[in-house]
Amino acid sequence: MIQAIAFYLFATVTIASAALTISSRNPVHSVLWLILAFFNAAGLMVLAGAEFIAMLLIIVYVGAVAVLFLFVVMMLDIDVAEMRAGFVRYLPLGLALAVALLAEIVIGIGAYGAGGIELAARTAPAAQPVPNIQALGNLLYTRYLFIFEVAGLVLLVAMIGAIVLTYRKRGGVRPQSIPRQNARRPEDATRNVNQPIGVGVEL
Amino acid sequence: MTEFFNTTLGLPYGWSWFLATIAGILLIALPLMLTVAMIIYADRKIWAAMALRRGPNVVGPFGLLQSFADGLKVFLQETIIPSAANRGLFLLAPIITFTVALIVWAVVPFDAGVVLADINVGLLYVLAASSLGVYGIIIAGWASNSKYPFYSALRAAAQMVSYEVAIGFILISVVLYAGSFNLSQIVMAQKGHIFGVINGFGLNPLFLPMAVMFFISSLAETQRAPFDLTEAESELVAGYQTEYSSMSFALYWLGEYANVILMCVLNATLFWGGWLPPIDWAPLYAVPGIIWLFLKMCLFFFFFSWVKATVPRYRYDQLMRLGWKVFLPVSLFWVFLVSGILMFDRVGVEGAGGRGITTAHAQAPARAGVEL
């Protein structure tokens with residue numbers, strides 16, 4: 001009973017906020033609706049028994065990615081009228097994407113006829129119920145170890161690539177050397193003099 | 001408590017579960033609000049003592065009722081919404097901060113079995129909820145439609161995201177050693193940890209640096225001094241709260257202190273044995289666990305105040321450097337170090353022998369191979 005109510009609540013809010021994400025005029029509002037959609041999707045995952053994935057969704061997407069996203073969108077000065085002007089130009093691409101997504105929905109409905117998802121049973125390879133994290137760990141670090149490590153390597157390469165692409169040596173900057181700052185003592189910069197009255201200080 | 005409603009009062013199970021949960025929430029939230037009020041008073045008294053002043057001493061005996069007088073004052077004030085502000089988001093932001101500060105308490109264990117939600121992913125839940133805290137600030141800064149709150153919001157966002165990374169790695173090393181994400185089990189894993197005498201990971205040389213780093217990171221995460229650049233009054237007026245008044249300001253105030261108390265409790269729970277007495281000695285267990293937790297919380301809160309009273313504010317680039325160039329590499333290295341030591345100690349060099357997780361690891365490939 002409570003599960004059904006929770007499911008319909010999360011599902012409705014997810015869809016509604018996803019629709020508002022693409023329809024709201026203010027880009028900052030869009031991002032905030034997107035965050036609400038993430039949040040409710042995490043709720044749906046908890047209901048499906050994948051609590052680990054749900055927490056990761058919130059930590060990674062809501063806690064980090066969306067914050068940076070919001071950060072960028074707030075700093076951008078977006079002219080809505082100018083964006084509208086590009087509408088016709090991008091229409092074919094948008095239509096192609098829409099067709100692809102529709103096809104996925106059709107396939108998804110076809111898969112629904114094959115029976116329930118039973119996510120808990122799939123993530124947990126063992127017969128007895130083990131905690132989600134343990135089940136995922138057992139799979140990732142044994143059977144899928146190679147793929148898992150390759151995925152990590154791809155991410156590392158992507159990270160290094162991003163740094164290489166954006167890093168450039170700028171001239172004329174004076175970077176701070178923290179060890180030098182820490183090593184500097186008062187004696188290096190100041191000096192105590194017992195100055196007689198009426199005589200200038202020698203610099 | 002569910003059993004009490006179910007058997008003693010004869011209610012159906014669904015209803016008794018519902019009532020028990022509501023009662024549990026109230027039992028946590030109401031004392032928490034009282035603690036926040038008293039801890040604000042304690043905070044001001046500690047700063048005053050360190051500055052050789054008297055601190056609040058007018059309202060009530062020793063000024064004990066000062067926080068309640070302040071609360072009444074802000075309650076009676078007018079709520080001012082700037083005309084250029086984004087009305088809905090402006091009012092939503094303090095609510096988010098306050099709510100997020102409260103929801104984390106659901107997984108905090110106060111004693112053996114005394115916890116509202118004893119979930120397997122407890123520590124991840126703490127991370128997730130604390131990562132939400134930044135939204136209250138960033139939305140406030142943007143919705144105020146004013147320069148200084150906006151700067152403050154950007155600073156807060158960068159600061160919290162940076163330190164969350166370090167906190168995440170520190171927590172992972174604790175989780176590795178305790179073998180669970182469940183906070184109650186993490187506390188139980190600390191029982192008699194050091195020579196079977198002292199409870200807590202904190203004095204273990206392997207974890208002492210982690211405990212110190214976690215304490216500093218929790219200062220940064222709650223935006224307390226010396227990392228309070230988001231409300232640096234010499235630069236940003238009052239930071240993201242500049243445009244707030246009355247109860248919306250009070251919600252920030254309460255949420256901030258609720259977060260500080262939470263961080264104190266987490267420090268105590270993760271590294272210093274949580275509800276367990278400091279020494280694993282039977283007579284000490286006669287004192288209820290919640291009192292030990294409360295004492296440890298007070299001790300950490302004293303450290304928080306002490307730091308605020310004595311340490312000058314960091315520069316922003318120093319703050320970022322500390323987060324990314326010091327804490328992140330060190331905590332990442334520590335994850336490797338702890339897992340290496342565990343591999344050596346519990347699993348054994350050849351992957352066999354030892355105790356605990358060995359069997360699960362040894363059996364896993366065979367089982368996965370058969371079933372999939």
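Cβ atoms are placed via backbone N, Cα and C, with glycine included.
Features reported for this protein in TrEMBL:
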| type | residues | note |
| --- | --- | --- |
| TRANSMEM | B:15-42 | transmembrane segment |
| TRANSMEM | B:89-110 | transmembrane segment |
| TRANSMEM | B:122-144 | transmembrane segment |
| TRANSMEM | B:165-188 | transmembrane segment |
| TRANSMEM | B:194-216 | transmembrane segment |
| TRANSMEM | B:250-272 | transmembrane segment |
| TRANSMEM | B:284-306 | transmembrane segment |
| TRANSMEM | B:326-344 | transmembrane segment |
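Here the transmembrane segment (B:15-42) does not touch the transmembrane segment (B:122-144). Their Cβ atoms form fewer than 3 pairs under 8 Å, with each pair 6 or more residues apart. Contact between the transmembrane segment (B:122-144) and the transmembrane segment (B:89-110) is supported by 3 or more Cβ pairs under 8 Å, counting only residues 6 or more apart in sequence. Put simply, of B:89-110, B:194-216, B:326-344, the stretch with the most CB pairs closer than 8 A to the transmembrane segment (B:250-272) is B:89-110. Packing against the transmembrane segment (B:326-344) from elsewhere in the chain are residues 163, 165-166, 169-170, 172-173, 176-177, 206, 209-210, 213, 216-217: each is 6 or more residues past its ends and has a CB under 8 Å from a CB in it.
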